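Working notes, beginning with the structure itself.
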Amino acid sequence: RFIAKPCAINLGIQDSGPHRAQPNAILEKVFTAITKSPDGRRLEGLSKQLDWDMRKIQRWFRHRRNQDKPSTLRKFCESMWRFTFYFSIFLYGIRFLWTAPWFWDTRQCWYNYPFQPLTSRLYYYYILELAFYWSLMFSQFTDIKRKDFLIMFVHHLATIGLITFSYMNNMVRVGTLVLCLHDASDFLLEAAKLANYAKYQRICDAFFMLFGVVFIVTRLGIYPFWILNTTLFESWELIGPYPSWWLFNGLLVTLQVLHIIWSYLIIRTAYKALVRGKVSKDDRSDVESSSEEEDVTCSSTKGALSTSSNGSNRMNGHVAAGQWTEK
């Protein structure tokens with residue numbers, strides 16, 4: 001309210017939502033009580049009842065579905081909040097881990113386990129991350145519905161489970177490595193969204209490409225060969241397997257599977273950008289465009305992963321992968 005909104009207004013982002021549907025009691029009743037996406041047979045019946053062209057009725061339902069979606073200003077403020085958190089927590093994690101011995105030698109994660117001290121800085125790092133991911137879990141049901149809703153739901157469950165489980169079992173050293181690694185690319189995704197909402201397309205595309213490179217390097221390179229290596233092999237060698245060891249590594253491997261899915265979506269979006277000369281439609285973006293017109297090809301880049309950037313018309317406004325995945 002006090003920081004993001006004034007910034008958005010200064011960038012020329014208006015607090016206006018999509019085009020509102022023309023008031024119609026019959027169509028409104030069908031929309032609220034029967035279906036939000038009528039099939040051809042129902043459209044034909046409504047066309048005869050109202051003496052409207054079927055195309056006009058389709059347009060009405062599209063506008064009616066879109067009018068409840070948040071405005072670009074609201075989405076800008078939401079992304080700015082996430083950018084602020086991700087960037088701040090990443091800097092905090094890097095500063096904290098830079099002096100931690102296990103950051104440079106992962107075998108230190110298992111020496112004297114489980115009798116390892118829990119410092120106040122490590123405690124607050126964990127609690128902040130856990131609180132934020134719980135907030136993402138709940139807000140997912142009120143945010144814009146995306147194609148990767150189920151993937152993001154599984155991701156949030158796995159993340160919360162990992163943070164809680166590692167804290168309860170005092171596996172916080174390796175846990176801090178996992179958290180910092182994931183935060184490394186998230187703020188770049190939110191930065192791309194902010195540039196998209198402000199209609200700085202080149203900056204948006206540049207941030208998305210940078211996000212894609214960092215995401216793939218950290219999630220498909222560093223994560224399996226650094227994190228999974230120490231949790232699967234070094235821990236087995238130093239402390240041996242035990243019942244909760246299997247659950248812990250099962251959750252970590254689940255995250256890796258999600259990383260592979262999101263990396264595929266990012267690569268596909270980047271490929272389309274290279275072919276078309278701009279970042280194309282987000283493969284995990286809104287289920288339906290929030291634009292006023294119907295059949296134009298909106299350009300938009302967690303995600304997953306799940307947001308997306310828009311292309312020339314910039315009518316949608318969420319950046320790809322991983323929230324284009326929020327991860």
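A Cβ is built for glycine as well, from the same backbone N, Cα and C atoms used for every other residue.
Small disclaimer: the values here were computed from a predicted structure and weren't measured.
According to TrEMBL, the protein carries these features:
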type: DNA_BIND; residues: 29-72; note: DNA-binding region
type: COMPBIAS; residues: 301-315; note: compositional bias 'Polar residues'
type: DOMAIN; residues: 27-71; note: domain 'Homeobox'
type: DOMAIN; residues: 74-275; note: domain 'TLC'
type: REGION; residues: 285-327; note: region 'Disordered'
type: TRANSMEM; residues: 83-103; note: transmembrane segment
type: TRANSMEM; residues: 123-142; note: transmembrane segment
type: TRANSMEM; residues: 207-226; note: transmembrane segment
type: TRANSMEM; residues: 246-267; note: transmembrane segment
Counts by DSSP class (helix H/G/I, strand E/B, coil) across the DNA-binding region (29-72): 30 helix, 0 strand, 14 coil
Query: Out of 83-103, 123-142, 207-226, which stretch has the largest tally of CB pairs under 8 angstroms to the transmembrane segment (246-267)?
result: 207-226
